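*Asks:* Dropping a structure here in structure tokens format, bear with me for questions.
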Ligand code: SF4
């Protein structure tokens with residue numbers, strides 16, 4: 001019955017601009033609220049979303065949407081905990097693909113010099129520094145279309161993964177398209193997660209990339225999932241898309257996979273001179289928050305990563321994203337080829353806002369280098385409740 005209500009409503013989208021004064025639409029608004037309220041009340045993730053249901057959620061009044069996402073966030077995640085990740089480029093530039101936002105594509109004159117694959121030792125040194133600064137996930141990116149014919153490359157990457165795991169950190173790589181056998185090899189090395197973004201909605205995709213299809217991307221995600229590796233897949237906002245349709249389309253593609261990705265990175269376009277995307281109108285904060293909040297409600301157990309472009313967001317804007325459900329950041333010296341907020345800056349931000357580093361099962365980084373305000377709440381009866389206790393209560 002509930003599914004019938006949601007389906008019947010799914011054909012009746014009400015634009016945000018009509019607001020509550022559209023009295024004639026009250027019956028529809030009630031059903032709209034019903035879709036939204038059922039989503040907020042969910043106790044487990046579901047993969048049967050229709051696109052219109054997600055659109056209904058995305059188009060809620062922003063304050064209600066963000067507040068509901070915060071409620072869902074507290075049910076599925078430890079409040080105030082944000083994962084610190086560091087992303088290193090292990091092979092820069094010279095990529096044959098035509099992703100129109102990317103500094104590393106050989107098709108665009110961005111002034112970036114191509115390099116060979118980094119040495120295993122230098123990568124592990126960088127991972128050690130990241131760990132010492134509190135990151136518990138180390139991600140490694142190579143500017144490749146795929147892994148075909150890269151036997152020695154994969155051997156070295158296997159050593160990097162093993163080394164990062166031996167440090168007690170989560171290891172994630174992003175190496176382009178992957179077949180089943182390559183995924184199996186990476187799993188055997190101990191890889192925690194594989195990143196492969198869908199970037200945008202299926203409809204907008206061909207305006208951004210023409211050298212590989214949306215379905216090829218989905219096939220890589222399937223190969224990763226089949227190998228037993230966590231899936232990290234998200235998008236880039238600000239690629240000239242229409243937020244109301246393309247953000248919804250992106251979330252729908254991922255939220256209806258057989259299992260939700262464990263990780264959903266939300267990137268804000270960093271416009272690179274020389275790429276076709278340079279000069280694009282920047283994505284609005286409200287659309288970033290809307291996208292994060294919708295993803296939080298639709299994929300409640302997923303870790304949402306505030307990724308590239310965070311460096312351009314004032315702290316107050318970042319906080320809105322955390323309140324709407326983001327619970328991971330990239331921190332360190334660089335994020336691939338773009339600037340990144342540094343560890344010291346993030347430690348200070350954590351301290352100001354009472355955030356704590358998110359510990360994960362797959363990592364054993366337990367040192368807390370961040371001097372934080374102690375995380376507790378005072379209950380109505382005056383008792384003090386620690387953050388861990390509060391999480392248990394919500395779980
Ligand atoms: S995003 Fe990745 S695949 Fe696309 S051009 Fe850049 S490095 Fe190549």
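Yeah, the Cβs are placed from backbone N, Cα and C, and that goes for glycine too.
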*Asks:* Just to be sure I read the record right: 139, 232, 305 are listed as binding [2Fe-2S] cluster in TrEMBL. Which of 172, 321, 340 is listed for the same site?
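*Replies:* When TrEMBL describes the [2Fe-2S] cluster site, the candidate it includes is 172.
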*Asks:* Rounded to the nearest Å, what's the C-alpha distance separating residue 172 ([2Fe-2S] cluster binding site) and residue 99 ([4Fe-4S] cluster binding site)? Just drop the number here, would you?
*Replies:* 21
*Asks:* Filtering 102, 139, 172, 232, 305 (binding-site residues) by proximity to ligand 1: which pass a Cβ cutoff of under 6 Å to any of its atoms?
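*Replies:* Cβ < 6 Å from ligand 1, in sequence order: 102.
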*Asks:* Would you identify which of the binding-site residues 95, 99, 102, 139, 172 has the most other C-beta atoms lying within 10 angstroms of its C-beta?
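*Replies:* The residue with the most neighbouring Cβ atoms within 10 Å is 139.
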*Asks:* Take the mean position of the Cβ atoms of 95, 99, 102, the recorded [4Fe-4S] cluster site. Which other residues of that chain put their Cβ within 8 Å of it?
*Replies:* 97, 98, 101, 103, 104, 105, 143
*Asks:* Could you name the residues, excluding 139, 172, 232, 305, of the same chain that surround the [2Fe-2S] cluster site, i.e. Cβ within 8 Å of the Cβ centre of those residues, in sequence order?
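*Replies:* The answer, listed by sequence position, is 85, 87, 137, 174, 193, 195, 263, 265.
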